[in-house]
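Before any comments, here is the structure.
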Amino acid sequence: MRSSYQPVSTTNFEHENAIPTASSSHNLLMSQRFDDSPPSSNDNSIETNITPPPEPPSYEFDIEDPHDDLHKRTHLQRVSIGFQEKILEPLMENIIHPLLQISKFVPDKADYYLSKIGNPFILRRFFYIIFMSFIAYYVLSSGYLFNEKASGSKGMFSQHDILFEYAKKSVDLAKFERDLEYISSMPHGSGTKGDAAIYRYIQESFDNNGLKLVKEMGYSVYSNYPGNVSISYYDNKNEKHDLELSKENFNPLSSNGKLSKVSLIYGGKGTTYDLQHLKDSKTIEDGKDYVLLLQYDKLVSQQVLIAEKFGAKAVIFISEPYGENIDVVQSKPVGLPQYSTGDASGLNWDGSPVEEKDHKFWRQTHIPTIPISTRQGKELLSRLSSGGVTVDDGNSDRSNSGKMGDVLIDVDLQTNVREKHFIPNIVGKIEGREQSDKAIIIAASRNSINFGTTYPNFGTAALLSIVQLFQEVKYKFGWKPLRNIYFISFGGTEFNYAGSSELVEQRLTPLKDEIYSLIDISQLGIPFAEKYENGKTRGELSIETHPLLKKFFNRNAHGNFDISVDNVQHYGDWTPFLANGIPVSVISSDSTRNRDTPTETSEDKFERVEKILEDEQNQQSVKDLLVYLLHISMELIDDPLLHFDIISYVEDIDERLQRLEQAYPEKLNFTSIIKGLLFWKKIGSEWASWTQGWENIVWSHGDGIEPSLLSINRWTWNKKLTNIGRRTCSPAGLPNRSFYKNVLFGPTLIQEDKSKNGGNVDFWTFPGVMDAIYDDDWKRAQEQIDLIGKVLHQSAALFVEETNDIGYK
């Protein structure tokens, strides 16, 4: 910093002896001169009268105070000394020095003892190898390294037992309950606002679980919804009494209609036997209008068909009670899947009309149907006289049918019809890593005009949980299935299975090429465990499947469930797949399959299931069920060899053929079918032999490593196996029911036993033959037998000769 003091000039001597300044940027000026020698006397003449300045000059310099540096250094020294005294010295004294002493003592002691055995230098290395081997084993077995256990694989294929063990720990029952609660929070009939909310929820769940493809596939189909409904009856005094009805008194796909003062007749379960009995007794007569009062049977659409056949103008169904609650109403669909499933408008998916000859086979009833409660049914029954005949209720009870004119009723049903209404399916996909042109479908129905907790919501919640389990296994182990998996939530179930049917109709060829199995879980419920004598508890599951897969399901029975396996025996969203030869499997709980109350009523709410799930045993049953579903689906999609057992397939058909022959002896010639089965049996033996050889090479000796040539052979076998089902179809379909192409497996038009032995008839095998027998047309029955034999032989020949993927067009 510059001083305000201005210096005067000095001599060179003075400059050389000047004291340096504190700052190099300034000049220190001297106000006096210094002389080394004393002054001489000769200099007295020189006067040095120099007057000092009145005030000393002011200097402003930036000079650091050395005391500050000293203070800082002292503080750091104190910290350093404190750290050394309190931490380093105790650490050295109490830990490091003892450890060093031990490290010197232990080797010396070890060498001392080892020297008694042998050379310590060699023995020390020997024990070191053992110790390090133990460490390596622990690390490898713990899964910290990326080995077979950590990756869930062995060689080229997955080790499912490892994946399942992880899945057992990953089941999120809380998520299952949350999904079930939300889906059950509102009625969600097809095409309603409730359905829109639910299918968006499912779509978001698919997205959140990271499915590669999530797609909404919508279709415009005929649908109807609750509207105006009324039933009135007249007493002996001709006074009119109204039944109190609501929107719950509704059968989806019922026709609209209005009747005035028509006789009411009670018909029990409405079987052909019941109504023929009424007709023989003149209780009902041709040309006279009447309304049938019926108890619900297992197959409601068949009741409607028979009622139409006998001239009924409307049907009133009496609901089953729910415990002591006799006011619940069961809203069962009345579409007619016997002729075909799908859009009930009579139009094909592309809008073209159905052929004229098929108009009478539309999928919708032609008469009004209305469900009422048990209480209301009793009220109407009490008005019938003792005239007419006694009719079996099907519940070990009998009631009077009444007679014409006993009770007159008015019926008015006006539903809200939408000729073309949007119905969506939600599709998600996990892509396979090997044969990505082949896939299975895991599906569940979505819609209910009520809350639908038991059916179908339980199955939908299970579907979402299975998706989550698959993805958790995928992310944990880097797992991918060998083949594709599709997850589908079907819409339009109450409208004659419109969603699944339209999907099959629009994409039939790609589906037949890719899909080799469909698993439907719509009818699942809590598998309530029953206690046995040995103290174990086991729930029950019913599996209806294709004969090719029967051995697979019997072999993979779950230790906590009693599983019964049979052929498919009822309608559902799987029906259009079955009709076109695609093997299907339906996993059900008996109570849900039979639609026991409160299913299909307004009482089927989440609160009831929530209380059931408070029991730990029921919680465990649900967890076991989800793991079992994951197990069977993973085995189907990720095992190298398809689980299609041809010998079991042949034996099953042969067994059902024998039943048919016993039911109708000396009526039909089954030689052509037997020849076809023998051809398939030979193929089955070759497949079993090849399978055994493959397992010996890959698993027994190859440790999961498959040679390339063997892989190609395996893919060829798998592809040929997937064509078995589709090749049992006839392009023309069944007589009068062209929708059903599968000549081996499918529904009989009317499922009533007319055999002599009774009770031993299968209504879902050889449907064309059974239709002809029901009509007493034995010539047509033999033609259908011969057609089945021809199809079996041709499909076997194609299997042997096949080089390309050939199917009926």
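Keep in mind that glycine also has a Cβ here, set from the backbone N, Cα and C atoms.
Bear in mind that the values here come from a model prediction, so they are computed numbers and not experimental data.
Between ASN49, ASN736, Swiss-Prot assigns N-linked glycosylation site to ASN736; no such entry appears for the others, which is not proof they lack it.
There are 14 other CB atoms within 10 A of the CB of ASN736 (N-linked glycosylation site), with all protein chains counted.
Residue counts for the domain 'PA' (255-349) by DSSP state, with H, G and I taken as helix and E and B as strand, are 19 helix, 24 strand, 52 coil. A gap of 23 Å separates the Cα atoms of ASN669 (N-linked glycosylation site) and ASN736 (N-linked glycosylation site).
Taking the Cα atom of each, ASN736 (N-linked glycosylation site) and ASN228 (N-linked glycosylation site) are about 35 angstrom apart.
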